[in-house]
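According to Swiss-Prot, the protein carries these features:
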DOMAIN    28-282  domain 'CoA carboxyltransferase N-terminal'
ZN_FING   32-54  zinc finger
BINDING   Cys32, Cys35, Cys51, Cys54  Zn(2+) binding site
Amino acid sequence: MLKDFFSKKKRYATIPSERAKHDIPEGIMTKCPSCRTIMYTKELKKNLYVCDSCGFHHRMNAFDRIESLLDPGTFVELDKGMTTEDPLSFPTYREKVEADRKKTNLNEAIVTGEGTMNGFPLVIGVMDARFRMGSMGSVVGEKITRAIERAIENKQPFLLFSASGGARMQEGVLSLMQMAKTSAALERLDRVGGLFISVMTHPTTGGVSASFASLGDYNFAEPGALIGFAGRRIIEQTIREELPNDFQTAEFLLKHGQLDRVIPRSEMKDTLTKILDIHHVS
């Protein structure tokens with residue numbers, strides 16, 4: 001009996017049910033990765049996915065961006081059905097692409113089309129980093145090239161928002177060829193006096209930053225966007241020097257003359273409209 005008195009009582013933890021864990025439906029709230037503020041996702045969307053507390057620019061999907069910029073009902077998508085054929089039969093590539101299609105409701109990492117912005121007609125391309133990290137494969141390169149050719153044909157400006165991890169490794173040299181292909185198409189646009197506005201968003205890296213994204217008549221970026229070719233760690237190991245904390249940010253590139261302006265998302269449409277107005281030929 002004395003032994004029972006001194007023995008430890010078993011303690012039991014209450015494990016919350018699965019239902020309790022999901023009292024708040026997924027996607028209702030979003031936490032800012034910069035200041036950790038938690039906000040309603042629908043309020044964040046109303047604010048163009050910019051944090052009210054610290055101004056952090058969250059990633060924006062392609063159709064939300066198009067909706068925020070173009071006049072309602074004017075957008076007509078181009079080449080929607082184009083999909084990759086896995087030219088190198090790369091292991092698990094088809095499965096990963098199919099998974100991204102289901103997750104994003106996109107066929108590829110870019111949406112291209114035509115529309116008007118405050119009445120000014122243009123051709124637009126918007127990359128979406130949710131699909132294979134926005135990587136550039138043969139379909140992405142082809143869609144950009146066709147959009148540029150449409151701008152040439154219609155004598156309209158071409159506006160492109162970049163968001164990419166670079167060339168798509170699963171397509172090998174075919175993805176690298178898109179750097180030259182898109183750059184050559186932009187040269188043809190320039191030759192006929194066409195306007196190309198490039199807006200780099202987070203992230204714009206690798207072969208995309210080294211080709212069409214940096215070839216605009218105007219090169220803009222969103223605040224805090226990561227923009228560069230090789231990764232920070234690789235550069236530091238190569239030059240054996242420590243790089244500044246703001247290296248490869250939009251602000252760093254602006255300071256060193258590689259961008260024309262860093263534009264907050266709330267000012268993007270007005271700024272682009274002014275440029276379209278300046279270059280508009282009636």
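Every residue gets a Cβ built from N, Cα and C, even glycine.
As the structure is a computational prediction, the values presented were derived from the model and not from experiment.
The residues of the zinc finger (32-54), classed with DSSP into helix (H, G, I), strand (E, B) and coil, number 6 helix, 4 strand, 13 coil. The average pLDDT the prediction assigns to the domain 'CoA carboxyltransferase N-terminal' (28-282) is 96. Take the binding-site residues Cys51, Cys54: by the count of other Cβ atoms within 10 Å of each Cβ, the lowest one is Cys54.
Of the chain residues outside the Zn(2+) site list Cys32, Cys35, Cys51, Cys54, Pro33, Ser34, Arg36, Thr37, Asp52, Ser53, Gly55, Phe56 have their Cβ within 8 Å of the site's Cβ mean position.
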